[in-house]
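Heads up: the structure comes next, in structure tokens.
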């Protein structure tokens, strides 16, 4: 019997106990009319940065400080160990410790999504189980990509099916082609949406046509689509996305929650005006300057940003000035 099959058999009773239903204050926009998702992902999730000390050790005191500030913002939950958490640079032990720290500081009504994707299926299952034990509510599983040429639809469906079968918590697929060079194929998404323990996807590609088709093709399933960027959040909601996992929420959490609120209320003109002011700052802390830019901007808004882990390098003085100008020109500083 395969490892994942043995593990799945032993964990199914635990799965049933842990798959708790979150408060359903709003129906996810991609949920079929007349139905409720088993776990509502509707709302904004910041993919939190991992704070490091000057010696590049994880700084748990600063992490807790950031979490205390985030507690006052009406986020649906947080994502730990996403791309903005410098997940590839953390040891397995550190990954579990970060999730445990976040869970202890996070109010119980806030969801905790934890990155657990590894290159092999077995390693992904093992880390997903560890994340569940550390207190994660949902596993966010990025596409394996090192052998991307071999990552066919069939291979990816098999990988995620094995993970979904074995995971003691619900699974959200994670497609981030800018980092992996691999878009999770639409055929794979449609197939995996039928799995009872795979409840959604975070799509960071920015193709609104693709996102709309995902919503349409999975509308009969218990499956939710999350926008992976603040730059196309309004457009994603317009085609039926449930929520957003947005790097910019680390810095401008309240405005992003306000954008979410305006979209849900159908106040599209106000939502559009706000969306326009968020695009350039978001591009600055994602595509242009990345995590070093995000951490620098966090400091301007009262959070601890601190250094990145090498080989990520800090911004130059000229880049810092350009980043500040971008936030100022859009009225945020």
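Placement of Cβ uses the backbone N, Cα and C atoms for every residue, glycine included.
Automated prediction, rather than curation, is the source of TrEMBL annotations.
Owing to the predicted nature of the structure, the values given are computational and were not obtained by experimental measurement.
As recorded in TrEMBL, the features of this protein are as follows:
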- 1-16: signal peptide (SIGNAL)
- 174: active site, proton donor/acceptor (ACT_SITE)
- 202: active site, schiff-base intermediate with substrate (ACT_SITE)
- 245: pyruvate binding site (BINDING)
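Feature annotations (TrEMBL) mapped to structure.
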residue	record	CB count, 10 Å
174	active site, proton donor/acceptor	28
202	active site, schiff-base intermediate with substrate	27
245	pyruvate binding site	30
